[in-house]
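Novice: Taken from TrEMBL, the feature domain 'PIN' applies to 7-127. The annotation Mg(2+) binding site is assigned in TrEMBL to ASP9, ASP101.
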Amino acid sequence: MSLIKAMLDTNIVSALMRNPGSGKVYDRLLAYGTERVCISIITSAEIQFGFAKRPSPRLEETLRYLLSSVEILPFDMPADFSYGQIRAQLEQQGSVIGPNDLFLAAHALALDLTLVTDNIREFSRVPNLRVENWLD
């Protein structure tokens, strides 16, 4: 059985990169345990896009270290099914969320993980998704 219990959203990973070795997110990560967190390949892709737009050698080194410290999970089954169900339900309710956020929500929900994000308002629209904000 996997020890992983939480998936970090892009804004949480960004906070870790901006304040390596300090800050609220870092303190929560240490208390939680790096072996218990992961990131989605979706988050990794969003961060890679950010570096392609605005390269930063200092942050890139921090990113490489961070990515080597946590497991990066591929988006595959059953996340695809979860995505379809969530998207259909949110569209029917008229409360859609951003496309990458939808992928992240589906990924976390399919794997029964808590999504750690600074965007509680957006993700709270997704039924049954557990969310936490480590920046509070």
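Our numbering is plain: 1 for the first residue shown, then up by one each step along the chain.
Using the three backbone atoms N, Cα and C, a Cβ is placed for every residue, glycine included.
All annotation found in TrEMBL is predicted automatically rather than curated by experts.
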Novice: What is the number of other Cβ atoms found within 10 Å of the Cβ of ASP9 (Mg(2+) binding site)?
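Specialist: So the Cβ neighbour count for ASP9 (Mg(2+) binding site) comes to 28.
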Novice: Any idea what the model's mean pLDDT is for the domain 'PIN' (7-127)?
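Specialist: The answer is 93, the mean pLDDT of the model over that range.
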Novice: Return one of helix, strand or coil for ASP101 (Mg(2+) binding site), based on DSSP.
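Specialist: In the DSSP reduction, ASP101 (Mg(2+) binding site) maps to helix.
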